[in-house]
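Q: The structure under discussion is supplied below as structure tokens; questions concerning it will follow.
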Amino acid sequence: MTDVELRVEALSLSGVSAIPPEYVRPEEERADLGDALELARAASDDDATARIPVVDISAFDNDGDGRHACVEAVRAAAEEWGVIHIAGHGLPGDVLGRLRAAGEAFFALPIAEKEAYANDPAAGRLQGYGSKLAANASGKREWEDYLFHLVHPDHLADHSLWPANPPEYVPVSRDFGGRVRTLASKLLAILSLGLGLPEETLERRLRGHELAGVDDDLLLQLKINYYPRCPRPDLAVGVEAHTDVSALSFILHNGVPGLQVHHAGSWVTARPEPGTIVVHVGDALEILTNGRYTSVLHRGLVSRDAVRLSWVVFCEPPPESVLLQPVQELLADGAGKPLFAPRTFKQHVQRKLFKKLKDQQDNNAAAASNGMITK
């Protein structure tokens, strides 16, 4: 089978009415799956359905009550949800429009042309165009293709992975990456103040200022998720339930719903909130805050009738030069014991990947003991 035939887009375009078994989710997951468009309509029509908090952070730039209220609203959302719709983010609409147009134009190219940027996970090369980032605990595949690469700092990026077509892709991605880096600093300041810490605390801990001689910048990884139409959205997912390893994740989309977050024991469909972007708290921030801020469990659903694209920027600490551990001030005066052992970001990613692989092996062993064959 060729790489082109392996792409989910090719499978979708083939007109299949059923999906291959490797995409069918385990039975215990299927009860609350469904078409993303239909679930979003149902959520919009139900006033009793829980709603992801919306916070306008432009008030943070002012003195007085508005600034304090902004800090408190972001803190509450990060503690109770681990996800926020951010308004007043300062990302110009024309830049976001150009970014969306460039991503859509890339995925509109023939698959064979996109293959020029293909990754090779087996060889340890995760960046580029592909269809799967890592092993899944379920052993199942996800209904998505993607483009993944470092977008900041620009001097560390492998620009051979940045599409030359459309021509707008490189300049708008570079512009967007720089702007999100500024936004990340602002949010980390707000989140620090929400914990009663100096506003530079969380960014300092993520960049390594507390280690002698270390002052690395945060890394921003851009992943464009492409979820083709799926004939059985009740059986498949675009991205399975997971938490992000990052400190923060910034998300925008093409207007097609699909994001769900787990809150208070239920899956909550993200509603359209015009003018906002979604921000997730990730594992790195949960570790630094000793669990005060929650790394949100989330997943991506698919639809029969619509193609969904989302642009996700993962804001990460340097992989090896920063030690992630709870901020000492949050443990002072008997406030609590550390919930997380110290680790570098690279070690955390490796531990999480190992756990996924072990979970998959355990699932396969259980299936084999029941007379089932798994691949």
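Backbone N, Cα and C atoms are what each Cβ position is placed from, and that goes for glycine too.
Quick paste of what Swiss-Prot says about this protein:
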type    : residues         : note
DOMAIN  : 218-317          : domain 'Fe2OG dioxygenase'
BINDING : H242, D244, H298 : Fe cation binding site
BINDING : R308             : 2-oxoglutarate binding site
Q: What is the number of other Cβ atoms found within 10 Å of the Cβ of the residue listed as '2-oxoglutarate binding site'?
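A: A 10 Å sphere around the Cβ of the residue listed as '2-oxoglutarate binding site' contains 24 other Cβ atoms.
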Q: What does DSSP call D244 (Fe cation binding site) in the simple three-state scheme?
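A: D244 (Fe cation binding site) sits in coil per DSSP, no helix or strand.
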Q: Which residues, sitting 6 or more apart from H298 (Fe cation binding site) on the same chain, put a CB under 8 Å from its CB?
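A: Listed in sequence order, they are V83, A241, H242, T243, L259, Q260, V261, H262, H280.
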Q: In the same chain, outside H242, D244, H298, whose C-beta lies within 8 angstroms of the Cβ mean position for the Fe cation site?
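A: For the Fe cation site, the extra neighbours are V239, A241, T243, S249, H280, G282, S295, V296, L297, R299.
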Q: Are there any residues in the same chain, six or more apart in sequence, whose C-beta is under 8 angstroms from the C-beta of D244 (Fe cation binding site), and if so which?
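A: In sequence order, the residues whose Cβ lies under 8 Å from that of D244 (Fe cation binding site) (at least 6 apart) are H280, G282, D283, S295, V296, F314.
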Q: With DSSP helix as H/G/I and strand as E/B, how many residues of the domain 'Fe2OG dioxygenase' (218-317) fall in helix, strand and coil?
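A: For that range the per-state counts are 6 helix, 45 strand, 49 coil.
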Q: What is the total of other Cβ atoms whose distance to the Cβ of H242 (Fe cation binding site) is within 10 Å?
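A: Looking across every protein chain shown, the total is 17.
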